[in-house]
Amino acid sequence: MDTAAPTSTDYDLIVIGAGPVGENVADYAVGPNLRVAIIEAELVGGECSYWACMPSKALLRSGHAIRAAGRLPGAREAVTGDLDAAAVLARRDAFTSNWDDSGQVEWVAADGIDLIRGFGEIVGDGRVRVGERTLSARAVALATGSVPTLPDIPGLAEARAWGTREATSTEEVPQSLIILGGGVAGTEMAFAFAALGTSVTLLSRGALLGREEPFVGAMLASALAAEGVDVRIGDDPVRVDRGADGNVSVELAGGATVRAAELLVSTGRRPATSGLGLETVGLDDTLTVDDTMLVAGTDWLYAVGDVNGRALLTHQGKYQARAAGQAIAARLAGGQVHDGAWEAHAASADHVAVPRVVFSDPEVAAVGLTEAQAREADLEFRTVEYDMGQVAGAKLHADGYVGRAKLVIDHARGVIVGATFVGQDVADLVHAATIAIVGEVPMDRLWHAVPAYPTISEVWLRLLETYRSEAA
Ligand SMILES: Cc1cc2nc3c(=O)[nH]c(=O)nc-3n(C[C@H](O)[C@H](O)[C@H](O)COP(=O)(O)OP(=O)(O)OC[C@H]3O[C@@H](n4cnc5c(N)ncnc54)[C@H](O)[C@@H]3O)c2cc1C
Ligand SMILES: NC(=O)c1ccc[n+]([C@@H]2O[C@H](COP(=O)([O-])OP(=O)(O)OC[C@H]3O[C@@H](n4cnc5c(N)ncnc54)[C@H](O)[C@@H]3O)[C@@H](O)[C@H]2O)c1
């Protein structure tokens, strides 16, 4: 398709999926000379706003605040009793706008984007069907997100298990909950429900958060155990049953059976490509994209956010959307596309600096490579680690502060390629590491970035001192 030529299409760009990513693709592309429509089958704002990031973080926050107060004499005595679960659920409801998307719909209209409600399906090059209508566009962007996977365990499909949607939108706090899957969602939900008073069993087939540094999973497993969560690692479920009394039982390979009022399955997600009609344009369900998110083998189709499987995180999907939206606008206007590494239309950071925060307690904040990934990449690297409990700012922050930090340093280039922090309130530490990686700041120059005293950021100084002393 010659995208620079004037055409008589209904739109210049149709975006399928109005989650955070689709909204940003449309927002960055739309302009006085570019007609943009966005198609949404459910709520404008997507999974993140109503069933994922926002409600899950709202459910977690009050428990973290109570635990934080418990670590400070004076505050500890002032905060007594349990969480008010009804108030926590009500705050969660406020953050999801009670699952009402009118605020986001208003924003779409104010931005000059046409909203079309319904399920969008590709029916040919640049052609999209929604209900009875078939629309044409010079470019189409898929931003349909991802869907949960369900493991093939006998009885599971019939057991009316919760997915993360049911967990984050629950109107009642179950008395007991089994969580299957020790990844990001399972670990966060274990903290959230334990704080709300639920008796939680967490079943993980390997170490918790197994893709992160090994100390991450070990520290979270002991923190969860301290919260009363029964963490079982490596004892796989072999059968699931929902009994006549409404409770769920899960039989484990080791012979034990665990029972609870509800079962949450959080065993990962896959790109939402089913029913999109990709076969009508010669594609299958695995979409390969370049750094402007253009799908390989096409000059009109883009895949952005969770659907391309690059990084299933809102902030990274929105970053891709900013690149893609601007690249689409440039291509449609016949302008220059700046898609070289680190240029405006390329999501270069996807390859080297994806920040990941797990809102557990302690929090986990990581970016770039772990040591294992650096080894796989055949880098010549060194690592340094530091006990964050020894940092003055951390000691002041909470009595008995427990935390650990680690840097992975590309020794040949003298730059950081990975960083991991575990500890109370470390989420915001990771952005400094992201800047160091993206900016390829040499270790010798990083030495001059002085952290304020007494902040938790002083861990940076300790890590750099450790690096220098070990190098000497
Ligand atoms: C429990 C949980 C907690 C999470 N917490 C965080 C977090 O704290 N931070 C973070 O960065 N990430 C978090 N994530 C990940 C985050 O939710 C996703 O990365 C993010 O939602 C992806 O945005 P998206 O726009 O690509 O997809 P989505 O948010 O899934 O939006 C896709 C939209 O497309 C619509 N759609 C799909 N198919 C069609 C179609 N054919 N026609 C029309 N509309 C369609 C859907 O209805 C949906 O509205 C979490 C995920 C889960 C499950
Ligand atoms: N704070 C955040 O940014 C945040 C929070 C929640 C979710 N998310 C995103 O949502 C996505 C989905 O979260 P998730 O936790 O479901 O996925 P995940 O990939 O993080 O974890 C899935 C876990 O399930 C396990 N698993 C997979 N198949 C299994 C099986 N058959 N039996 C037992 N265990 C099995 C895996 O080993 C893994 O530990 C993630 O990719 C994550 O990026 C992000």
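Cβ atoms here come from the backbone N, Cα and C positions, even for glycine.
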Among Gly103, Gly112, Gly255, Gly268, which residue does TrEMBL annotate as binding NAD(+) at the site that also has Gly181, Gly182, Gly183, Val184, Ala185, Gly186, Thr187, Glu188?
Gly268
Of the candidates Asp306, Asp339, Asp350, the one that TrEMBL places in the FAD site of Lys57, Gly120, Thr144, Gly145, Ser146:
Asp306
Quick check for you: of the binding-site residues Gly183, Ala185, Gly268, which have their Cα within 10 Å of the Cα of Asp306 (FAD binding site)?
none
List only the single closest residue to Ser146 (FAD binding site), chosen from the binding-site residues Gly181, Gly183, Ala185, Thr187, Gly268 by CA-CA distance.
Gly268
Among Cys53, Ala185, which are recorded positions, the residue with the most C-beta atoms within 10 angstroms of its C-beta:
Ala185
May I have the list of same-chain residues other than Gly181, Gly182, Gly183, Val184, Ala185, Gly186, Thr187, Glu188, Gly268 whose Cβ is within 8 Å of the Cβ centroid of the recorded NAD(+) site, in sequence order?
Ile179, Met189, Leu208, Leu209, Ser266, Thr267
Long-range same-chain neighbours of Gly181 (NAD(+) binding site), Cβ under 8 Å, sequence gap at least 6?
Leu203, Ser204, Val265, Ser266, Thr267, Gly268
Whole-number Å value for how far Gly183 (NAD(+) binding site) lies from Gly120 (FAD binding site) (Cα to Cα):
31
In the structure shown, which of the binding-site residues Gly120, Gly183 has the fewest other Cβ atoms within 10 Å?
Gly183
